[in-house]
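Structure record follows, encoded as structure tokens.
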Amino acid sequence: MKLKLENSFITDNTLECEKECFFLQTTQNAKFHAQALEKGAKIIDVNECKKLLKIDEKIQIIGITGTNGKTTTAAAIYSILLDLGYKCGLCGTRGAFINDEQIDEKSLTTSPILKTLEYLQIATQKKCDFFIMEVSSHALVQNRIEGLNFAAKIFTNITQDHLDFHGTFENYKEAKELFFTDESLKFINKDALAIKFNVRNAFTYGIENPALYQIKAYSLEEGISTIVTNKNQTFHIDSPLLGLFNLYNLLVASACVNELVKPDLKDLEKAISGFGGVCGRVEQVAKGVIVDFAHTPDGIEKVLDTLKNKKLIVVFGAGGDRDKTKRPLMGKIVEHFAKIAIITSDNPRSEEPKTIMEEILSGFTKKEKVLMIEDRKEAIKKALELKENDDLVVILGKGDETTQEIKGIKYPFSDKVVVNEILKNQG
């Protein structure tokens, strides 16, 4: 990509290099150093790039990493800070936003560094105080956050995912740990699988285990209602969000904001209660129909456990060209919670959907009770036809995604749109 300057431009791609342009050298493209020089480009690093783009180094960057909860936690911090009167930027799975305005569409969880610097340039122009970003394990291994100075770092949790990229769970865990070796402010989930971290400037949070930010009592009956203690402070979290996993997300979001800006606790409580959640995360898209992005065994278990008081009809699949070992585990978990399970297609990419579906099916013990419907629209239609008054249809895997990737082509597809179309046709 190119970023324009007054009389030149910055690029991270040697194919775009010209005489007198600037080539941003990163860990990923360093091997093309000689090619950039041959074309007459000036080699710069991230710090030099920030100066050329006149990025305000006073902007406080908050990074969130973990298997699940990154998107909701990032959105919660963004919303709370905006409600407290601060100017903020946000980038992650849902796209990029500055001061409540979307400036870029959905992309990678963590963008290439030059794209992130472009967002920070806009954040500077819009006089932002904070910039919140999701940080994936891929980005940590590929050093896509090099040169960024984080004011705060958050660890949500770690469970099996991305073994197609990391090879082993230990490699995946080590990738997450890379983020927490320095002395910056950090927030660590004490109830999650333990990771190594630098204890300097570390704040812990938890429900089950002793932590600096501790939940003392909570109710999840209608939304979330809880009391949080921290040293000599006590404040409430009251939220319409559902589930224990969202309690953790709101706990760390409030802890992070509390440490960074020291707000009046009544203002903090009001800002927390004003956060309505994220599209595609336990989102009720029609009466008795929930759509959620959960696509890992742990994520699926947390969502279904939250909804277990209802009779569940679960529509789900698994993405192609990704960790295959999690597929039977996903099936096993859905079987435990679902009245009816419908296995379908979910971004099969280069793989055959039927193969993925069979691998999910292998996790079921009572296979005769499972419906296999490859066409995702037909699978959703079947679930809605089978739904009785007290049932809850739960459609997992895509959340608010608007495409379905098959053989390298992204076709328009939205679970939410499909549900509403089917219900409209049913009258």
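Backbone N, Cα and C define each Cβ position, glycine as well.
Per Swiss-Prot, these features apply:
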- GLY66, THR67, ASN68, GLY69, LYS70, THR71, THR72: ATP binding site (BINDING)
- ARG322, ASP346, ASN347, PRO348, ARG349, GLY397, GLU401: meso-2,6-diaminopimelate binding site (BINDING)
- LYS176: N6-carboxylysine (MOD_RES)
- 346-349: motif 'Meso-diaminopimelate recognition motif' (MOTIF)
Long-range Cβ environment of PRO348 (meso-2,6-diaminopimelate binding site), under 8 Å and at least 6 residues apart: GLY317, GLY319, GLY320, ILE356, GLU405, ILE406
Env. residues of meso-2,6-diaminopimelate site, Cβ within 8 Å of mean position of ARG322, ASP346, ASN347, PRO348, ARG349, GLY397, GLU401 Cβ: HIS295, GLY317, ALA318, GLY319, GLY320, SER345, LYS398, GLN404, GLU405
Near-site residues: ATP, ref GLY66, THR67, ASN68, GLY69, LYS70, THR71, THR72, CB cutoff 8 A to centroid: ILE64, THR73, GLU134, THR156, ASN157, ASN249
List of residues, in chain order, with Cβ under 8 A from that of THR71 (ATP binding site) and at least 6 apart: GLY92, THR93, ARG94, GLU134, VAL278, ARG281, PHE293
Other CB atoms, at most 10 A from the CB of THR72 (ATP binding site): 24
LYS70, ARG322, ARG349 as binding-site residues, winner by CB count within 10 A: LYS70
Secondary structure of LYS70 (ATP binding site) (DSSP, helix/strand/coil): helix
DSSP three-state assignment for ARG349 (meso-2,6-diaminopimelate binding site): strand
CB contacts for GLY397 (meso-2,6-diaminopimelate binding site) [other CB atoms within 10 A, all chains]: 24
Cβ contacts of the residue listed as 'N6-carboxylysine' (under 8 Å, same chain, 6 or more positions away): THR65, GLY66, SER137, LEU140, PHE155, ILE158, ILE195
Per-residue Cβ crowding (10 Å cut-off), top of binding-site residues ASP346, GLU401: ASP346
THR67, ASN68 as binding-site residues, winner by CB count within 10 A: ASN68
Mean of pLDDT values spanning the motif 'Meso-diaminopimelate recognition motif' (346-349): 97
Residues near GLY69 (ATP binding site) in space but at least six apart in sequence (CB under 8 A): THR156, ASN157, PHE245, TYR248, ASN249
Those binding-site residues, out of THR67, ASN68, LYS70, that come within 10 angstroms of ARG322 (meso-2,6-diaminopimelate binding site) at the Cα: none
